[in-house]
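Features reported for this protein in TrEMBL:
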- E103, N107, D149, M154, N162, 168-170, 194-199, T245, R413: ATP binding site (BINDING)
- 290-317: compositional bias 'Acidic residues' (COMPBIAS)
- 722-760: compositional bias 'Acidic residues' (COMPBIAS)
- 96-255: domain 'Histidine kinase/HSP90-like ATPase' (DOMAIN)
- 290-323: region 'Disordered' (REGION)
- 714-760: region 'Disordered' (REGION)
- 1-21: signal peptide (SIGNAL)
Amino acid sequence: MRALWVLGLCCVLLTFGSVRADDEVDVDGTVEEDLGKSREGSRTDDEVVQREEEAIQLDGLNASQIRELREKSEKFAFQAEVNRMMKLIINSLYKNKEIFLRELISNASDALDKIRLISLTDENALAGNEELTVKIKCDKEKNLLHVTDTGVGMTREELVKNLGTIAKSGTSEFLNKMTEAQEDGQSTSELIGQFGVGFYSAFLVADKVIVTSKHNNDTQHIWESDSNEFSVIADPRGNTLGRGTTITLVLKEEASDYLELDTIKNLVKKYSQFINFPIYVWSSKTETVEEPMEEEEAAKEEKEDSDDEAAVEEEEEEKKPKTKKVEKTVWDWELMNDIKPIWQRPSKEVDDDEYKAFYKSFSKFNFQKVTFFFFFVSGSLKTRDGNSFSVCWFGFFPVSVVDSDDLPLNVSRETLQQHKLLKVIRKKLVRKTLDMIKKIADEKYNDTFWKEFGTNIKLGVIEDHSNRTRLAKLLRFQSSHHPSDITSLDQYVERMKEKQDKIYFMAGSSRKEAESSPFVERLLKKGYEVIYLTEPVDEYCIQALPEFDGKRFQNVAKEGVKFDESEKTKENREAIEKEFEPLLNWMKDKALKDKIEKAVVSQRLTESPCALVASQYGWSGNMERIMKAQAYQTGKDISTNYYASQKKTFEINPRHPLIKDMLQRVKEDEDDKTVSDLALVLFETATLRSGYLLPDTKAYGDRIERMLRLSLNIDPDAKVEEEPEEEPEETTEDTTEDTEQDEEDEMDAGADEEEETVKV
């Protein structure tokens, strides 16, 4: 595979720290010094409350009646049918069942974080079990799945309150208490739980859930539920956990796949790869070990050895026990999340190997080299509107990690809620990525990055208005300056002629087509550089750019191509236009009346006799070809038909012998059939050479044939010689009878052969 080692598929490690979108501080961190001096914004009067009450109206009730209604009305609390609520949470909240493991591991991680935070102030908190891990074990025989953590555990009261109350988040409550009591600044940002419903996702795959938990301040208890009701009882086995929680799922029949080790391992790596605490899965592997031989096998082997060895070796030596190699299935705890969240460490502490290992693990791509950048934003941001920070034109590059404490999650924790902070992250992410791309050396950029991701940059120019100028500097195109190398727009502008005020480009299906187009003839002859657009997206990209470095773009296949000319040159051009005025008027008003907008003397042709030029806002031949090739193009689109049917300008080359001869013929006889046919042939030929499609290819072919006949002095009305018809052969009655007799003889012979075969 080609080394896509450039920044393509770069790993963008983006960490957003304590970012508060609702704070009133601007992005630049500046605050108005005299913010509290003016009271204009907070000024009120005694009648403001009354006006607000009167503004809220109900039909038939005045403000005083509404106030009395509110004061005397009876208050009620909302009620919920618990069993029905459980069914909604279990069956309607999550898109797929596999997320249950993510939720249980997240809860286990929170429990481990809690005991870690408690241990900072209580040195005996980890006495029961100093290990901080999550362990998962599958029991196929009993149809059980166990998830065990050595976290803080739960008391009997917490089991009832946290697991028996829907939307009661023990983590949120713990976080509030820790925040209030915290004085040492220890971070609690690793806590995951928010909503208090993740635990119930276990019922997506389980008929019954059993929770065994041991807290330092209570004995071990068992909580059990089938989603309809639950029970809590002291564990008769005593303290078997030391500290922590084991969740045992009695899986449904259709959920037996979650007892497969490969399934569990894949889910852990998919959803919980970067949990801070080690996650182990009880798994098996085959190992080759040496085992001592049995006495009979050892004796037999010694006898075989003695037959082969000389008697001299019968001296007494210390006999080593005989062993043999045996393959055994060994069960052990296998670590799943060996790649740690490196973005939470200072970038100076992370080496390139760690970046590469993280990137390969996260993106699942296996490229040899990767470019990275890391930045951290901490503080308060103020934003005014929201948007997703996903960037469509990025495609599958770069691979990025965004870590933020302030982005609100959907209750299912599968999607982000719409939030104004997303636009800030998106903007910063794109800018940093573009800065990184700019740092790549030109040679590496052109040879590697552009070949793979050039289309993404072009799409970015089309779609991303705010970064269009930055992206334009990254564009690369072929040009007439070099037969094979690509060039940037900056380099093109540096090479522009002294009085050149436009960037010239020509679009075509290939470089050969573009550089052989009649539209570039005079430009190349005068030494102007022309950019060749050879990909379908190129012309869209340039159209989206109004200008570059103060220079506007000029499609040489459209009107507007002008050259700086002296007074003498201008006088000569005007004289030529006057000379060819009869031919131009004849073409516009008679020969090509319904086919062209106008006919003019061209300034861009040197070798070709004529060309068909689109208007400034019309379609070039290349664009028309692309639009007609669209997947959903039916031929009935009004917009497409409008652009395709626009008449174009017919430009002629006054120095071409064909055009000169036509001028003389038109002056002599405007009704000459040959001249009319020649004009139509030139028009249709110019249509093809200009990149457009002919609407009537048969008529074009007929005219070419007529011109060939005339050039060879063949009568234009001469008919094609008819092909002689072959007469059918006559068959006689005798022949028919002979044929029938032959067929009967063959059938009789076949029957005799079958009979002989049966006898044998």
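Just so you know, the numbers here start at 1 and follow the chain as drawn.
Every residue gets a Cβ built from N, Cα and C, even glycine.
Note on the domain 'Histidine kinase/HSP90-like ATPase' (96-255): its mean pLDDT in the predicted model is 83. The local packing around G198 (ATP binding site), expressed as other Cβ atoms within 10 Å of its Cβ over all shown chains, amounts to 26. Each of the binding-site residues E103, D149 was scored by other CB atoms within 10 A of its CB, and the lowest score goes to E103.
A simple way to gauge crowding: the CB of T245 (ATP binding site) has 24 other CB atoms within 10 angstroms, across all the protein chains here. Within 10 Å of the C-beta of N162 (ATP binding site) we count 21 further C-beta atoms, all protein chains included.
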